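Novice: Structure below; questions to follow.
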């Protein structure tokens, strides 16, 4: 304690209590030193330098003043020339003198007449001011070398033009001395250049170098002409005595290389001046033109500027991309300008790379050259964003480069561009495309965001359980007039093309002719009657006070006048015309309808039976020909027939002995989300997670001894996904297939065929899902395919690999995927393969047949549609129409359309199940079976669904077998001859005899994801009849004998290609120890085509095995009291949407 007190210094004697409160001001003053900063800038020279040079605005004023003085001096010189007298050539107050030398009188050259005192005074004042300014600036710019300042050309010209005026003031006789004041034009040119530079600094703008170079060239030409005119005029005072106009005429004729010869210089000094000026022009002007041409070429590479005046008077959008490709550009322009109200918009492309030749040629087309401007620049630079006038833009589109090897790095660049744009123009609407879902939360501030992998895997998952969902969504988001394929001889082309013109539009109910009469009615009543009367399909609605869109809110929802209605139609109501029809004699009844192709005046015979429909008619009565009933759609909500839905599903309340394998299941939210921003979805989960070792399909572990998919004895067919890596997108693929609304008995096993081993985080995310496995392998290895169960798979999903997306030739990025899928198609012809491609143009190579005349006819049709300017020229390709192939690039139009239709992205997300609004319905599918054909037409089906279960149908997926009789060209579409068909059928019978158990198992349950042809007894019989007809067209084959079969087996007779491939696959299956039982069925192939009909007309006939897309109301809101009504012949539908988030309902 003593030591501590000794270390504390004592207080000074004058430190008092007042000093403790107020602080002592005198004690530390002994050591404080006041320091002044920037002392050197307070000197007189620095203050002058700050005013004349450093300060931008004051320096600009000085430059403008200096430029004005030089221009004024040139004007005064012209005035002096016009006022000059030719009678006296001598000094002031002297008589006329004669200075003859070399036969020339030099007196008119040396002396001039200054008769007006005021003009002389003005010239003297201007000279004094310019001389003072020149000396001051020379002093301020002095840096230690005085000769550098004195020997400058500008300083020399200042001395030559200004000092002689001082001599005329000091010595009177020199007042008439000639002074070449016209040389001040070069000083004015120099001052103008400095003034432009200071102007750019003062207003914080960077003018283009092109403008500066053009300005320099123009001023150089003016100075050359002015110097020549004034010099020749003055020298010719001793010769022909040319006037100023004659000298101007001579210079124009000479410099334009015309040379009339009527006006020529007479004495040699003027001739020498002409020679000198021509030599100067020949040296200076080519240099200026070369620099101008160079800058012009550079400007063509980097693009130009969009002026501020144009930005304020015109409307434009900005497209920011890392690299521009011709396909991306044409897709954007065609879709953007497809809307009539966007015809006056300009598109400013901001790209950091140099414009390539194909894009340059496209932008030179008159259609685009007046509306598209290319700027080379970066979105991270405010200068480039200012060049694009982003702060005045109507919107900014930021697209990611999907062809990059590192897609995460591409997303990072997109995120930085979005941040830079939002920082520069906070009020500019932002439309962002992102690739990976884990990066989406970085750009949540954008007005519209489209995540590529979210949409891609949602489409792939829905395609497994509802065919051609990708085709349905693609047709809905593309702008089309419905005129595609109307000139084709095939009927399905005309029907498919006509209904592909349907799109989604919106309108306020009170402003609508379609829906205004249904105010106060139920939603289902309005939807059914609007479709019956006008042919439009009402699919959703949003309240004025709540902007959330609700798809099919149900028959308890009442329409109000302020509701916004969302409907599917060929065109929006504002572009439609309505005509009144007269009905009956003597009186007219107004009935408005649309004069478009998909409108039918009436529904024909719609039988309405008021019998009780709570009980489903038995199969016996249906077979006996007794038809079901269709109740009228209720106009008002009937709360008596509605009750709150029980949260327990049917498969939980009704346990089955066949469902013992699902006892370990539960419903809940996945406990481990793989990335930030993924919304939890109510799914089927395991009560106890699976060990990581059991997730590996082909490896034995301590828990099971299975080494292939066949050994697991799955109840349902497997879904195989071939991908390069196990990314977060695969998690988004699994979740919809394990959604809680799907019955447990319908869950298909999922096998992930991965090139690389997944990481622990991914395994932790999927280990809670039932029937999910992974396997290390590739699709180009037949053994890997057989082990993962391709011989009995429901669907094979081939995801485009990131490593192959980048290629030297752009369209070659899909080469490996296409060849591998073609091999799968040849080996397993009836396997449902869904392929993702990078470029939509490569769809023509899917299931390629070189000698197929029907495929060649489709190719010609595609070329014709493309020549007509169609945005959907590829729609008639059989793989795309059937939903077997799609490209995520086709969904880029979804982002483009959101500029006009801001509701397109929310509706698409609701359809795909990526989002779910409370009370909103979801996408489902149902199959038309034999007992449902009594309904006959699509309009009657619409009424049946709306009146019974409240579902809204939106389209049909139809499959037709190709008839070989109409034309010989379609013979090649049938996969085999009658002989091959009988051979396959023979093997099938042998297999059924050998494996009755497996056949019985496969007959227990047919999954919804299976191709429609696999469960069609009627179509199977038709296919056999068509195959026999085809066999009759060609040469008759002798019946197959045992001897022929034996010779063919031992190679004595040639075998068909299909037989050789079948033998190869069976041998590999035997070598791997796999049963060959399911391969013969997988190798069967029926020649068929499938297509989507969006919002067909009410009188469209229903056909067997038609799959109807429906939007089902939220099951957690209201359902009929008797659940048996959903178990009718129309209730056997499978939900194909992602599960809604049940948190709000629970």
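Placed from the backbone N, Cα and C atoms, the Cβ positions cover glycine too.
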Novice: Among 47-70, 71-94, 95-118, 119-142, indicate the range for which TrEMBL gives the feature transmembrane segment.
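Specialist: Feature transmembrane segment in TrEMBL: residues 119-142.
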Novice: Do you know which of 583-612, 613-642, 643-672, 673-702 TrEMBL annotates as region 'Disordered'?
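Specialist: Feature region 'Disordered' in TrEMBL: residues 613-642.
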Novice: Can you dig out which of the ranges 168-193, 272-297, 298-323 TrEMBL describes as transmembrane segment?
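Specialist: Result: 272-297 is the stretch TrEMBL calls transmembrane segment.
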Novice: Give the one range among 119-142, 247-265, 272-297 whose Cβ atoms make the most pairs under 8 Å with those of the transmembrane segment (209-235).
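Specialist: Comparing 119-142, 247-265, 272-297 against the transmembrane segment (209-235), the winner is 272-297.
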Novice: Can you work out the mean pLDDT of the predicted model over the domain 'RCK N-terminal' (715-856)?
Specialist: 84
